[in-house]
Amino acid sequence: MSYDPSKEGAQMSFQGRMSYGDYLGLDKILTAQHPLSQAHDELLFIVQHQTSELWMRLALHEMNAARDRIEAGDLQPAFKMLARVARIMEQLNSAWDVLRTMTPSEYTEFRESLGQSSGFQSYQYRMIEFVAGNRNMAMLGPHQHRTELAAPLLAEVERPSLYDTVTGRLRAAGFDVPAREKLDEPHHPDPKARAAWAEVYRDPRRYWELYELAEKLVDFEDYFRRWRFNHVTTVERIIGFKRGSGGTSGVNYLRKMLDVVLFPDLWELRTEL
Ligand code: HEM
C-alpha cells in the first residue's frame, strides 16, 4: 500500500475552502507568461523578469517600512529590514546565473517579439532608485502615459529619500547637517554630512547606531552595484554592443550607470579616515 498523508491529518478536500493556490493567487501568476514567439528560451526570459519584479516588490515594501522606522528613530527594526533588502539583492544577483545559460543565438530567436520593451521601463526599479535617493526626473518619461505609475513616482520625489531620513538621524544626534531643500535630485556630496560621518566612523562605539545605519546603506549600495555589474556583463555576453531594445546604446549606457553613486558621502568619507 502506498503512503496516504490524509491518514495523519493532511487536508485533502478543498471544496469551499481556501487552498494554497487560492491564498497565493497562483492562477493569476502562473497564467501571466505569454511568449510571443515559438522560441524555447522566451519563457526563461519572461520568468526571469517576472521573478525579479516580485523580489523588487518585496524590496520596496521593506525599504519603505525601514524609512518609516528610521524617521521615527526606531532603528533596530529598520536594521533588520535593510539586512533583508541586501539579501533580496543577493537573490537577484544569483538569478543571473540562470539567464546566462541563454546564448546570443537563442536570444536572437525571440528578440524581435519584445519590440521596444526593456527593463529600462521597469517602474519598480525606478521606484527603488527614487526611494534610495537616486532621483533622475528624466527617467519618468516611460511612465508618463500611465498616471497610476507616474503619480507615485512624482509623489516619491517630494518626500525625503531613505538617505535623507538617515541624515535626519545625524541631525537628531546633534550634528550640523542641513536637510536638503531640493528633493527631486540625486544625492550630491555634502561636506557637512561627510564630516559628520567621519566623526561617527572615528568613534563607532560612541555612535554605534549611526555607524550601523551607515553600514547598512553601504551594504545596500554594494549589492546594488553587483546587480548592475552582473546585468551589464550578462547583457554584453548576450547582445554584445548592439543597441538595447529600449533604445539606449546598450552596454555603453549600462556601463555609464555603473558610475552612479547612491550615497556619495558614505563612500567619500572612507578616503578621509
Ligand atoms: C537577455 C537579457 C537582458 C538583456 C539583453 C538586457 C538588456 C538591457 C539593456 C540593453 C538595457 C539598457 C536600456 C535599453 O536600451 O534597453 C537594459 C536596462 C535594464 N534592464 Fe535589462 N537586459 C536583460 C535582462 C534583464 C533582467 C532579467 C532584468 C530584471 C528585471 C533587467 C532589468 C533592467 C533594468 C532595471 C534596466 C534599467 C537600468 C537603468 O536604467 O539603470 N534586465 N537591459
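The count begins at 1 with the first shown residue.
Note that Cβ sites are derived from N, Cα and C of the backbone, with glycine treated the same way.
According to TrEMBL, the features are:
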BINDING   PHE45, ILE46, VAL47, GLN48, HIS49, TYR107, ARG111  substrate binding site
BINDING   HIS231  heme binding site
Output, ordered by sequence, the same-chain residues six or more apart from PHE45 (substrate binding site) with a CB under 8 Å from its CB, or 'none'. LEU99, MET102, TYR107, PHE110
Within 10 Å of the Cβ of ARG111 (substrate binding site), how many other Cβ atoms can you find? Include all protein chains, please. 18
Cβ-Cβ distance under 8 Å to VAL47 (substrate binding site), same chain, at least six residues away: GLN33
Could you list, ordered by sequence, which of these binding-site residues: ILE46, VAL47, GLN48, HIS49, ARG111, have a Cβ under 6 Å from ligand 1? GLN48, HIS49
Counting across all protein chains, other CB atoms within 10 angstroms of the CB of HIS231 (heme binding site) number 19
What residues, ordered by sequence, lie under 8 A Cβ-to-Cβ from ILE46 (substrate binding site) and sit at least six positions away in the same chain? GLN33, HIS34, PRO35
HIS49 (substrate binding site) and HIS231 (heme binding site), Cα-Cα, nearest whole angstrom: 12
Which number gives the other C-beta atoms within 10 angstroms of the C-beta of TYR107 (substrate binding site), all protein chains shown included? 19
Around the Cβ of GLN48 (substrate binding site), other Cβ atoms within 10 Å, all chains included, total 16
